[in-house]
There are 2 protein chains.
Amino acid sequence: MPIRLDTEHSDFPARFATFLGSKRETSVDVQDQVSAIIADVRARGDEALIDLSRTFDRVDLAALGIKVTDAELDAALASIPAETRAALEFAKARIEAHHARQRPTDETYTDAAGVTLGHRWTSVDAVGLYVPGGTAAYPSSVLMNAVPAQVAGVPRIVMVVPAPDGQIAPLVLAAARLAGVNEVYRVGGAQAVAALAYGTATIPAVDKIVGPGNAYVAQAKRQVFGQVGIDMVAGPSEVLILADATANADWIAADLLAQAEHDTAAQSILVTDSDDLAARVVAAVDSMLDTLPRAEIARASWRDHGAVIKVRDLDEAPALVDRVAPEHLEIQAQNADRLAARIRHAGAIFIGAYTPEAIGDYVGGTNHVLPTARSARFSSGLSVLDFMKRTSILKLDADALGKVGTAAVRLAEVERLQAHGRSVSIRTNAGGGQ
Amino acid sequence: MPIRLDTEHSDFPARFATFLGSKRETSVDVQDQVSAIIADVRARGDEALIDLSRTFDRVDLAALGIKVTDAELDAALASIPAETRAALEFAKARIEAHHARQRPTDETYTDAAGVTLGHRWTSVDAVGLYVPGGTAAYPSSVLMNAVPAQVAGVPRIVMVVPAPDGQIAPLVLAAARLAGVNEVYRVGGAQAVAALAYGTATIPAVDKIVGPGNAYVAQAKRQVFGQVGIDMVAGPSEVLILADATANADWIAADLLAQAEHDTAAQSILVTDSDDLAARVVAAVDSMLDTLPRAEIARASWRDHGAVIKVRDLDEAPALVDRVAPEHLEIQAQNADRLAARIRHAGAIFIGAYTPEAIGDYVGGTNHVLPTARSARFSSGLSVLDFMKRTSILKLDADALGKVGTAAVRLAEVERLQAHGRSVSIRTNAGGGQ
């Protein structure tokens, strides 16, 4: 049974704090193992990739090739049903259209002192996209990572995906082809991250690495950060559904289960002011579980991490939601827009009864790579900005330098950086020599 | 002597690659030490901070107090000369004015399918600013980190600064007071980062940690990333000056030295098409070094990491600059604007003879926290956006869900996430029951 909390109970603050602090993943310490793998790839390049892939993925890359050929990619795309291809193209077009609006604008202006200030945005040159391998194939994740990079204008988009026993899901390769990925390598784990960060003879280094992975991949991204850029370190996913008595219990149950089926560490939370709705949702979840192919996973997630939180009224909810800072927030209630406007910390908000979170996973157009595990407190979903960077611009003439230079010289002096001060005064005193 | 490279020499590509790859910092492996410190602070809180500060900073925080009192902050502000305070206030006002223009705008729109998409920006709730201690006091860094957080609307801005032998530079405390920092704690190193990330009885946890530090601080930020957000991991600083024969050799020499005086690991690079200018700059550097208080540091930086790169003409330069991806780029040449427009990778560009980089350090208004050590390839200088995050918004009605739902159900099916599909179809088939 999911945990039940009630804001009217005197132990609510303590129990809610415990709930927030509970770990949903057993963190394995792979720090030293990953350091060793990275060192190995830096020292031996492709050879290390071949050896490590033989060990971890039971695949002989020396025979199969590290790089997936264009012919393989074309064959994968040709192999998927037309209806699937159409759905992927439909999703891609919608993601593209929305992300195109995220392109930032450059600006320069001259202020009252005569100082010209500004910034210019440019794309990253090369991006590496990590895609997990194995039985689960998520072509939608390929689109969600590759399309924003393309919209940003990244000239070189590289994908790495492990090939356990030599296999890569054709759907993933097909999505890569559709999304304009330029190169695909059949390598995974910390070794793939190391190869992307430092380069090997076969895999030229990239500038930034994005995409989810297991504990080894996450730790490897952490360790190469600085050498290259990385996106967030993804944790287990969650949904919080805010609902009142007017909501449809079956629809909410379906949405809770859509989250729960991802992973036993996933989390589904219902916050409602209606005991009756809560009861109906819980019953509907139990009933739907019986017919769900991934029932075992969903049941464990709902049992171990699910929660039903009863509030006095929905006015109480935004403060609770902000403390959870959920990756996904659904609001199925009257005044859903007004409630949404009061939320500060959430990766994405899905407003109204006809906006199940799954739409955002596939075809809404917004990105489904969102901050998990309370990181919406400080980070945003993936966007075009993650594949661009800003160069700031400053331009002064003699007059402007005269106006602002004195304060700069003073600050350089108090910081005891005399050469800083001199680089200003040598110009402002130019008439009288240095 | 700095290294001399010439693009007309046949060995240029190899030597330039070696130059780019050369390490300017000896990386010490403090991974395990830092893990132990973080674990200690998580387990023992304030007690650990007190013990570790006694060991590393020779200070008794049990007696002195972990928190710097308001009275101490006021006293620090009162202790600095009026002219210094005026310079700090001048800098703060200019930084504020520029950063206010970085505030992002919210957006929602409804597309042709009837889907409403958008995003909303909100500030982070609490930010921790790490400020290095010791003899060097950089009040400008306090401003550059705290002002953007304030402009972003961060309600709680916390500063940590070590107090070796009990001492904190009054300038740093004064700047914190001026910049609107809400709380200051006299603790540094990995233990301060751990306290900010996980909280102790005295220091409530924050959501994001920014600011530069030594190898322990950098490693600690790396390890707590995910629990909290972090800014970039700062490396040694660099300037690249692009100049032609029209440039003033003395001014360039002053700018190269302003960079070199920071740190023996700092790097100053001149790229020019003029042998004559190069010779005059090198001579001017040598001559100015004699009268520089921090000559020893600057001389070591210039000798060990300095470079003079001769190009055939400045048209060759942008490609070279992009490979260096310098933190600071000065362009002192005819057509400086045109050259600046061709650069893709630089933290900041300082255009024209009257824009010494030091202006950007203090009073230009742009941020001086910029990507170092080639990370301008994938990251940007600090900005208001670093203290905010974006919540994406999606809203469909029955009609819109009807239009886009089929493709979502299809993709859920191929990803074998049947509960995802059902959360859509249960709504679109609502007329005919589930």
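Here the Cβ of each residue, glycine as well, is placed from N, Cα and C on the backbone.
Predicted automatically and left uncurated, TrEMBL annotations should be read as such.
Listed in TrEMBL:
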ACT_SITE  A:GLU327  active site, proton acceptor
ACT_SITE  A:HIS328  active site, proton acceptor
BINDING   A:TYR130, A:GLN191, A:ASN214  NAD(+) binding site
BINDING   A:SER237, A:GLN259, A:HIS262, A:HIS328, A:ASP361, A:GLU415, A:HIS420  substrate binding site
BINDING   A:GLN259, A:HIS262, A:ASP361, A:HIS420  Zn(2+) binding site
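Listed recorded positions A:GLN191, A:GLU327, A:ASP361, A:GLU415, A:HIS420 compared with chain B at a CB cut-off under 8 A give A:ASP361, A:GLU415, A:HIS420 as the close ones. For the pair A:HIS262 (substrate binding site) and A:GLN191 (NAD(+) binding site), the C-alpha distance works out to 26 angstrom. Ranking the recorded positions A:TYR130, A:ASN214, A:GLU327 by the distance of their Cα atoms from the Cα of A:HIS420 (substrate binding site) places A:TYR130 first. In three-state terms derived from DSSP, A:TYR130 (NAD(+) binding site) belongs to an extended strand segment. Cα of A:ASN214 (NAD(+) binding site) to Cα of A:GLN259 (substrate binding site): a distance of 19 Å. Looking at A:TYR130 (NAD(+) binding site) and A:SER237 (substrate binding site), their Cα atoms lie 18 Å from each other. Look at A:HIS262 (substrate binding site): DSSP puts it in coil. Note on proximity: among A:GLN191, A:SER237, A:GLN259, A:GLU415, the binding-site residues of the record, the Cα nearest A:GLU327 (active site, proton acceptor) is that of A:SER237. Following the DSSP three-state reduction, the secondary structure of A:HIS328 (active site, proton acceptor) is strand. Highest local Cβ density among the recorded positions A:GLU327, A:ASP361, A:GLU415 belongs to A:GLU327, counted as other Cβ atoms within 10 Å over all protein chains shown.
The binding-site residues shown are A:GLN191, A:SER237, A:ASP361, A:GLU415; of these, the one with its CA atom nearest the CA of A:HIS328 (active site, proton acceptor) is A:SER237. Max Cα-Cα distance over the annotated NAD(+) binders (A:TYR130, A:GLN191, A:ASN214) is 12 Å. Less than 8 angstroms from the CB of A:GLN191 (NAD(+) binding site) sit A:ILE37, A:ASP40, A:VAL41, A:ALA48, A:LEU49, A:LEU52, A:SER53, A:PHE56, each of them six or more residues away in the same chain. Spatially close to A:GLN259 (substrate binding site) yet at least six residues away along the chain are A:SER237, A:GLU238, A:VAL239, A:ALA266, A:GLN267, A:SER268, A:SER301, A:HIS328, A:GLU357, judged by Cβ distances under 8 angstroms.
When Cβ atoms from all protein chains are considered, those within 10 Å of A:ASN214 (NAD(+) binding site) total 16, not counting its own. Listed in chain order, the extra residues whose Cβ falls within 8 Å of the Cβ center of the NAD(+) site residues A:TYR130, A:GLN191, A:ASN214 are A:PRO132, A:VAL160, A:PRO162, A:GLY188, A:GLY189, A:ALA190, A:ALA192, A:VAL193, A:GLY213, A:TYR216, A:VAL217, A:ALA220. Packing around A:HIS262 (substrate binding site) is summarised by its Cβ count: 23 other Cβ atoms lie within 10 angstroms of its Cβ, all protein chains included.
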